[in-house]
Amino acid sequence: MKITVSCPTPNRCTLLILVLFSFAASPLHASLSINFYASSCPTAELIVSNMVRSASSSDPTIPGKLLRLLFHDCFVEGCDASVLLQGNGTERSDPANTSLGGFSVIDSAKRVLEIFCPETVSCADIVALAARDAVVTAGGPAFEIPTGRRDGRISDAANVRSNIVDTSFTMIEMIRLFNSKGLSLDDLVTLSGAHTIGVAHCNAFSDRFQMDSKGNLTLIDTSLDNTYAKELMKKCPSGSSESKTVNNDPETSFAFDNQYYINLLGHKGLFQSDSVLVEDERTSARVEAFANDQETFFQSWRDSFLKLTTIGVKTDDEGEIRQSCSFAN
C-alpha cells in the first residue's frame, strides 16, 4: 500500500506518520483513509470542528455528550451512526440511550454539509469527528483519524443492553465486552478516561448506597472515599428527580485531562466500573501511570481512540450516505 504524506509542519508530519502507521497496521481499516474527503468535500472536517466548538462555547456539557454518543454508537453495530436513527424499536429508543445527548450538534453539521457537499459525508464520520473534536475543545490531544465510514441501515434496541458497559460491571464483565470489540485491557483503562468529562444521572451509581429505615441513604460500597460519598448523597438524596445529574469528575469537570485517574487513586471514582480499575492488579499500575503523567495518558488515548472509531465500520457497499442522520434513505 502506498501512502503519501503532506507535511504542513514537522510536528504535524511526525504525528500524522504515527497515526498512519497505527492505522495501516490493522486489516480492519483497509477502506478508511486520512483526509478521505480531501477532494470530494475539503472543508468537511473544518465544518464539523466549527460546529462542535460553537456548541461547546454555549454549553460546556456538549463535549462529554458527544464522546458518550460515540461510545454508544460504536459498541452497538459498529461505528455506523445507527444510534442516530429515530423510530420505534431503534437503538435510540432503548432506555439505556434515552439520556444520550449531542444529537443537535450532529444534525447541524449534517445540514451544513448537505448544502456544501450533498450526499457525500456520512453521519458515522460526523459522529467520530465530532467526538475527536470534542476532546480537543475540552483541552485534550489533537490528532488525525481516518474517515470513509458508511451509515448503517439497521438499528435495533434489542442489541443495546448486551453491548454497552453498565456502570455496575465487574472487571471480568468489562474485559469480556471490550475484548469482543477487539479492544485490549490497556484500551479499557485508557478509554475509561472519557469519564474525565461529562455528567451522570444519580441512578447510574445508586447501587453504591442503600436506603435506611428513615429513607436516608447510607454508603455500602467501602471502596468509595467517605467524604466524596457524603457529597454524592447530598447532591443525590433519596427521591431525587430522574433528571438530576452530577459531574463525572468532581475536580476539573469540563477539562479533558488526567484528573480522572488521580480521582481513582483517591477512591473518588463515580461508578463501580471506575473503582475496579484501581482495585484490580491487572489495571492499577496503568491507572497510576496515567495519574502521574498526563502526556502518557494522551498518547495512549490517541491509539485507543483510533481503535474505538474503527470498530465494525461499514465501507463501500456495506452502508449508505444518509441525507438525514435521523432516518435511513
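The backbone N, Cα and C atoms fix where each Cβ goes, and this holds for glycine too.
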From the list C117, C123, C202, TrEMBL names as the disulphide partner of C41 the residue C117
The rounded CA-CA distance in Å from V76 (Ca(2+) 1 binding site) to C117 (disulfide bond) is 28
Cα of C123 (disulfide bond) to Cα of S82 (Ca(2+) 1 binding site), in Å and rounded, measures 9
Rounded Cα distance in angstrom between C325 (disulfide bond) and S82 (Ca(2+) 1 binding site) is 9
For Ca(2+) 2, residues beyond T196, D249, T252, D257 with C-beta within 8 angstroms of the site's Cβ centre include exactly I197, E251, S253, F254, A255, F256, N258, Q259, Y260, N263
